[in-house]
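K.L.:
Structure below; questions to follow.
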Amino acid sequence: MESRIVLDSRETSLLNTHKVLRNTYFLLGLTLAFSAVVAYISMSLNLPRPGLILMLAGFYGLLFLTYKLSNSGLGILSTFAFTGFLGYTLGPILNVYVSHGAGDIVVLALAGTAAVFFACSAYVLTTKKDMSFLSGTIFALFIVLLLGMVASFFFQSPMLYIAISGLFVVFSTLGILYETSNIIHGGETNYIRATVSIFVSLYNLFISLLNIFSILSNED
């Protein structure tokens, strides 16, 4: 009887994990599509790039709101508001590249982002490896990136920019590995929080690859 209860408990846990993973990827797909549409509208209307204060207020304000509402239906609306805002911020950035005939860099960054995401997801889902050991590395990288961004305000150096962008690529890649593993091992049971976490990693990854490819192309 006891072994049967344990087996039923494991089956229930496995079903819940699959449900969270399925819902996460479904919502992630919807938010990526929505963000792309908003970015396209932002580009078409030539909307200005938000200033630093608006960017920080919008990002962290909507992020906090989404996490606060993640256990309710309003969390989904907040998720779309958050990802839509990030889509809006992408519009002016992409316009700069397109207007300078650098659309190929945008495509390359997009392809690189997709490749990293699918490779990381496939690796974790195939191996079922527990990536919780990455948490310390991710935190350390966050501190280094924070210091690097502060330094970039005082030192205008292409090498510093490319170093920060390179670290962001590593940081975002590890974030995808960690969050995917966290879902399949039951560490994250809320698909809204999981979606936002992966979305932010993809956003940072895309922007970082754009910066790297742009700097490298200018040096040629």
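Cβ from N, Cα, C; glycine included.
When I checked Swiss-Prot for this same protein, it listed these features:
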type	residues	note
TRANSMEM	25-45	transmembrane segment
TRANSMEM	50-70	transmembrane segment
TRANSMEM	74-94	transmembrane segment
TRANSMEM	105-125	transmembrane segment
TRANSMEM	135-155	transmembrane segment
TRANSMEM	158-178	transmembrane segment
TRANSMEM	196-216	transmembrane segment
K.L.:
Sort out the residues at least 6 away from either end of the transmembrane segment (50-70), same chain, that have Cβ-Cβ distances under 8 Å to it, and list them.
P.N.:
77-79, 81-82, 85-86, 88-89, 190, 192-193, 196, 200
K.L.:
Cβ pairs under 8 Å with the transmembrane segment (105-125): which stretch of 74-94, 135-155, 158-178, 196-216 has the most?
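P.N.:
Answer is 196-216, with the largest number of Cβ pairs below 8 Å.
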K.L.:
Could you pull out which residues elsewhere in the chain have a CB under 8 Å from any CB of the transmembrane segment (158-178), counting only those six or more residues past its ends?
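P.N.:
Tertiary neighbours of the transmembrane segment (158-178) are 116-117, 120-121, 123-124, 131-132, 134-135, 137-138, 141-142, 144-145, 148-149, 151-152, 197-198, 200-202, 204-205, 207-209, 211-212, 215-216, 219.
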K.L.:
Under 8 Å, at least 3 Cβ pairs, sequence separation 6 or more: does that hold for the transmembrane segment (25-45) versus the transmembrane segment (196-216)?
P.N.:
yes
K.L.:
Using a Cβ cut-off under 8 Å, which residues of the same chain at least 6 positions beyond either end of the transmembrane segment (135-155) come close to it?
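P.N.:
Answer is 161, 163-164, 167-168, 170-171, 174-175, 178.
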